[in-house]
Amino acid sequence: MSVTLLLLAGIVGPFASEAMAECTDPRVDPIADIRPCAEGDDAMANGDWARAKGFGALANGPESYAEGEGATANGGVAVAKGEGATANGAMSDAEGNGATANGRSSKALGDGATANGKDSDAEGDGATANGKNSKALGDGATSNGKDSDAEGDGATANGKNSKALGDGATSNGKHSDAEGDGATANGKNSKALGDGSTSIGKNSDAEGDGATSIGKDSKALGDGSTGLGNQSNASGDRSTALGNQSNASGNRSTSLGNQSNASGDRSTALGDQSRASGQNSVALGAGSVADEANTVSVGSSGHERRITNVAAGVHDTDAVNVSQLNSVRSQISAVERGAYSGLAAATALTMIPDVGDGKTLTVGVGTANYKGYQAVAIGATAHVTQNIKVRSGISYSADNMLWGAGMAYQW
């Protein structure tokens, strides 16, 4: 009978023995007994150096270790420490109340932490890593997908090779990458690098604190920059590019419209293929070009536009409308008429002949025309005495009447 029991024991292998005085941890005790050891009601240990410590604890596998009420370690060198902790797989490690590690070399460290998949790693209370080589490091961190990586409290990485590094960072999509507190990357190959940055769309790229890129291949490469639209590119700090292939490369620049381009600092380009390259310049309308600093353009050379419905200017720096220009033109025309007719009238006076030698009095008329304005004059010249000579005359034109008189003393 005793021979049979010994044979059966040899077939089944080592099992827990109540005769052992203490279950020492073989990982820290180099001379620990090779026999399995179980301490606690309903505790079970199976395998060389297996240790089970705690009510209902279970250690299955060579060098497996289960410590805590209901702790379970299944697999060679598996470790489960904590109430309800579970480690399934060779070299798996679950440490924390309710922690679960499933898969070879998987690791779950923290209360409620869960690691599923070979080499998966969840470290932090409530952390979850699902997928081969997945990693979730931080309280509440979650990684889903092969080689996914979430590092930071509340960080979430969903997708193969996805990465979320920062508190509250989120990446969704294969190869997506969110780095920075609150950063969000949604879409295959999307990238959000900076605190509060957001990228949405395949290959979208937001790099800078508060940067936002939305659309396939969109880019926002500056702090506070925004790129919205397919292949939009906002590369200047606090720049904004809205529209398909729009570009805002100047700092604080704005481009709006298909293929619009604002390259000058603080420049604005509004409209399809509009371009503002001058500093602080504004290009308004499709195809408009503003290439000089501090200018506003509503067209381009050979493609000019009228500006309509402009109110009359009031202040010195206001724009004027055509009505105001016409008023000025009328005033200029009136001055012009007066000047031309005045010149004709003055000239007519000079055309009256002088008194001849040896004569006492001459009365004559004169006429003149200047730029179409006609004038006629009448006047008289007299020798009052041998030494005194006088002259007077009057001239008329369409808009003027002139008169004059003079006296000369001769000796």
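Glycine is treated like the rest: Cβ placed from N, Cα and C.
Taken from TrEMBL, the feature signal peptide covers 1-21. The feature domain 'Trimeric autotransporter adhesin YadA-like head' is assigned by TrEMBL to 52-75, 94-119, 122-146, 150-173, 178-204, 220-246, 248-274, 276-300. Feature annotation from TrEMBL assigns region 'Disordered' to 89-286. Annotation source TrEMBL lists compositional bias 'Polar residues' at 228-282. Look at TrEMBL and you will find 306-346 tagged as domain 'Trimeric autotransporter adhesin YadA-like stalk'. Taken from TrEMBL, the feature domain 'Trimeric autotransporter adhesin YadA-like C-terminal membrane anchor' applies to 353-411.
Within its own chain, the domain 'Trimeric autotransporter adhesin YadA-like head' (248-274) has Cβ neighbours under 8 Å at 222, 225, 227, 233-242, 280-290, 293, counting only residues six or more beyond its boundaries. With a cut-off of 8 Å between Cβ atoms, the residues of this chain six or more beyond the domain 'Trimeric autotransporter adhesin YadA-like head' (94-119) that come close are 68, 73, 75, 79-88, 125-134, 136, 139, 146. Nonlocal intrachain contacts for the domain 'Trimeric autotransporter adhesin YadA-like head' (276-300), taken as residues 6+ away from its ends with a CB within less than 8 angstroms of a stretch CB, comprise 250, 253, 255, 257, 261-270, 307.
Contact between the domain 'Trimeric autotransporter adhesin YadA-like stalk' (306-346) and the domain 'Trimeric autotransporter adhesin YadA-like C-terminal membrane anchor' (353-411) is supported by 3 or more Cβ pairs under 8 Å, counting only residues 6 or more apart in sequence. For the domain 'Trimeric autotransporter adhesin YadA-like C-terminal membrane anchor' (353-411), the DSSP-based tally of helix, strand and coil residues reads 0 helix, 40 strand, 19 coil. Helix, strand and coil counts under DSSP for the domain 'Trimeric autotransporter adhesin YadA-like head' (178-204) come to 0 helix, 11 strand, 16 coil.
In the predicted structure, the domain 'Trimeric autotransporter adhesin YadA-like head' (52-75) carries a mean pLDDT of 97.
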